[in-house]
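Have a look at the structure below before the remarks.
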Amino acid sequence: MLLAWVQAFLVSNMLLAEAYGSGGCFWDNGHLYREDQTSPAPGLRCLNWLDAQSGLASAPVSGAGNHSYCRNPDEDPRGPWCYVSGEAGVPEKRPCENLSCPETTSQALPASTTEIEEASEGPGADEVQVFAPANALPARSEAAAVQPVIGISQRVRMNSKEKKDLGTLGYVLGITMMVIIVAIGAGIILGYSYKRGKDLKEQHDQKVCEREMQRITLPLSAFTNPTCEIVDEKTVVVHTSQTPVDPQEGSTPLMGQAGTPGA
């Protein structure tokens, strides 16, 4: 019983962890930032990058993916930012606040200068254009030449797996799975309780039946005892009639029947 509840609890925790994702950090211009921040400031919420960029002609071509977290696709010196809904409903760029991530010994460092030089020489012109922003300003033309290399270092993540927003359907499925697991656990408890009660009732009825049979069969056992068997008595009748015997010599009585001697 306890094992069933432990399994249900572990599965629920895994579903919640999959729905909300685990937090991580990413590098940007030599700093670590939290990877799962969805609010640039208190009271504001980031819009989905694909939805916001679809309505803007000046949005960065590279983008940041299908999510609503703070990123820096155009290498803004102020750090990561995101789109928020403006007064007229038009997406507006807003820098993210309180986004710093504490460094740990297990975090990877940015690419070295040697790797940057090799990366700048390796890819061709077509590959460089994939990382270069389309709306780079003329004043930043010199910095735009190294932006493709910075874009490569920016993709160094603490988590190799990019988090995805499951959306409302994912949350609904997670809650449904939790409800099903709880229902299964409750069903197991009820089934066990019912079966246990039924077994106890059958044992009680069997004991009552055995006591009743003992009470009924006890008087009959007395008659099966050999010492208590009843024997039929036989009446013996003795008759007093005598068989006539012939008289012999010497056997004549000295006195007759009439009582006269010598008769």
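Using the three backbone atoms N, Cα and C, a Cβ is placed for every residue, glycine included.
Here the candidates are C25, C46, C70, and Swiss-Prot names C25 as the disulfide partner of C101. The record in Swiss-Prot lists a disulphide bond between C96 and one of C46, C70, namely C70. Per Swiss-Prot, the residue annotated N-linked glycosylation site among N66, N98 is N98.
When pLDDT values are averaged over the topological domain 'Cytoplasmic' (190-263), the model yields 70.
Counting residue by residue with DSSP, the domain 'Kringle' (24-101) contains 6 helix, 20 strand, 52 coil. If you draw a 10 Å sphere around the CB of N98 (N-linked glycosylation site), it holds 10 other CB atoms from the protein chains shown.
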